Structure formats: C-alpha cells, structure tokens
Amino acid sequence: MTGLLLKDIRKSYGAVDVIHGIDLDIKEGEFVVFVGPSGCGKSTLLRMIAGLEEITGGDMFIDGERVNDVPPSKRGIAMVFQSYALYPHMTVYDNMAFGMRIARESKEEIDRRVRGAADMLQLTPYLDRLPKALSGGQRQRVAIGRAICRNPKVFLFDEPLSNLDAALRVATRIEIAKLSERMSDTTMIYVTHDQVEAMTLADRIVVLSAGHIEQVGAPLELYERPANLFVARFIGSPAMNVIPATITATGQQTAVSLAGGKSVTLDVPTNASENGKTASFGVRPEDLRVTEADDFLFEGTVSIVEALGEVTLLYIEGLVENEPIIAKMPGIARVGRGDKVRFTADKAKLHLFDTNGQSYRA
C-alpha cells in the first residue's frame, strides 16, 4: 500500500485556471477528506488523481512513481462515485466480480475477494440479488465492495453519500469509518461538501476554495485554530459569528473595540504596528453563554428562538448590520423573542482575524 504526493498540481480549461498549484503529501494509510463549497475544485482534483482529468502542470506520484501520463486502469486506484454505477442485470456477486473478470483473475481468486469483501460489508446474504432488490445504502455498499475487490493502492470516494436520505447517510458513514479501520494500511481520499462527514471520518481535512488550499489539518485543529476567516466560517455549524472590530491595544494580549463600542481583550498576541487597524472578531455560537454579570462580551435583542430540544438557537440582532449573531445554547433556553440578553465566552475560544482574513493566532 502507498501514499500520494502532489507537487504544484495545476488544471486549466483553455484560458481558465481552476486548480492553482496544489502541494499535498498524503501518507500511506491516511484517510484524507477534500472539503469545500461547490465549485472549489475538490472533485476536479480527485478526478486528476484518478486519471480521469488531464494534469495541466505539476507532478503527481503514487507509491513514488510519477503517474501524470499513466492511464487510470494502471494507477492502482479504485473509485466510488456519488451514483452507484451498478449493472442492473447482474447480481451483487457479478457486479463485485466484474472488474476482476475483465482483468482475467482466476475464478478462485475472484471468489475469495468477493466473499471477503461481502463479509466485511455485511453483504453475504445479498450476493444473489439484483441491484433493484437492494436499498440505496446496500447499493452503495456493493459499489464500495466492488472497489475493495480491486485491491487498490488508493481508494477514492466522490461524494458517495449524497444520494442517500439522512438515516442511511449516517449508517453508511459509520460503515465507511469501520472500513477505514479494517483497511488501515490503505490510503483513502474522500470528497464531500458535508462538514459532518469530513469531521467524523478524516485523519486530515483539506479545505479548498476557488482551486486553492486554504488549510490542511486534523479536524479539531481546523475547528479550534482556523488559519483564516474562510476556514473559520466553513467549519462549524452554525457558522462562526464574525463582528467588525478595531484593534485598540497590542502585545501578548490584544484589546479590540467591537461594533457598538464594547471593548474586549483576547489572549492573542499582536505587533504594535497592528494598533488602530480594523479586524474581524470571531466567536462560535456554541461557545457563547448567557450571563447577567457586568463583565459581558456583548448584548443584543433576541429576534428568533429555534428550540430543537437538544439545543436552542438564539438569533441576536443589533450587533452586525443585516446579519444576526447566533448563540447555540444546550437544552432548552428560557429566553423569549424580544428579550435583551448578555453573552460571554471563555477567552481561549475567541478569535481575531486581520484585514486579509488571516488569523492572528496562526
């Protein structure tokens, strides 16, 4: 089994550049998730790794071998798509065996791999069924099993859960997590726009925007220490609250004046040259707490209350023009619409970004 190395990978369609010099080193056995909004280039990058898209510039290495000009079938890669791509007239067994038959593997080897993959994915009772007799989640497991049978160097998943309903999505996500544990030596790359999938499955997450890598890191690293405003607002749901601010004091701690005049001190170091500059103050909804103390972070009027049972979302007006601040309270919050509420948060949970959106913590 092997890793994958991307060096200055670029992709253009005519005069339009869509992937801009990607550098990424994926180690053997890593589960790496590409995540980002629609149009960020994550699926294009995955297709380039698979050999389905030509590489415009840069070098790609699999197992130390440069594969820019190696056809997809020779790269040692198996891919699972959003659509299951199963042959409707073939049984589950035949669908899983098809690629090996084309490769002229022996009947004994085909049977061993198919039954091994079926046992791993709990598909053994369904081997004689046609795809139409399976649920969506079972069909996706067949597609994954077909990929396992190829014994690939690298697994590629292109939004494999997008066609499933919420309950099946959770169940299949758990199956993929178990698969990753059982095949711990196999490198896996997974594309999704769903941050829950990214946070729960990945060893490392690659956040992409407009064909650029914004940040690479472990899930909690991206959540707790976002490199910039884009990552801060993309990772986490609801998104991080961002309030315009002005830096009023610098040093090992930084003081800022928030929109509305409230002064806040953060455990974030800044240089003296930053004094007087505009900045963006950030705090996650789940890090806010209601307080009655005079030493509060900010206050505002509750415009909407969404009581979800497990949590309550409070939408606060009056701090940012045309955008409410969101507070995520555990359980049932005894707060009503129209109430004026004060909020606080631990200093360690506060973020500050410069005029270019880069974190002062980085």
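FYI, residue positions are counted from 1 along the chain as it appears here.
Backbone N, Cα and C define each Cβ position, glycine as well.
As annotated by Swiss-Prot, ATP binding site applies to GLY36, PRO37, SER38, GLY39, CYS40, GLY41, LYS42, SER43. Taken from Swiss-Prot, the feature domain 'ABC transporter' covers 4-235.
Between the listed binding-site residues, namely GLY36, SER38, GLY39, the fewest other CB atoms within 10 angstroms of a CB are found at SER38. Here PRO37 (ATP binding site) comes close to HIS193, SER209, PHE234: these same-chain residues lie at least six apart in sequence, with C-beta atoms under 8 angstroms from its C-beta. Report note: the ATP site is defined by GLY36, PRO37, SER38, GLY39, CYS40, GLY41, LYS42, SER43, and the residues of the same chain whose CB lies within 8 Å of the CB centroid of those residues, excluding them, are HIS193, LEU208, SER209. On its own chain, CYS40 (ATP binding site) has LEU208, SER209, ALA210, GLY211 as residues at least 6 apart in sequence with a Cβ closer than 8 Å to its own Cβ. Other Cβ atoms within 10 Å of the Cβ of SER43 (ATP binding site), summed over all protein chains shown, number 20.
Summed and averaged per residue, pLDDT over the domain 'ABC transporter' (4-235) gives 92. Summarising the environment of LYS42 (ATP binding site), the number of other Cβ atoms within 10 Å of its Cβ, over all protein chains shown, is 27. Under 8 Å, Cβ to Cβ, and six or more positions away along its own chain, GLY41 (ATP binding site) finds LYS11, VAL18, ILE19, LEU208, ALA210, GLY211.
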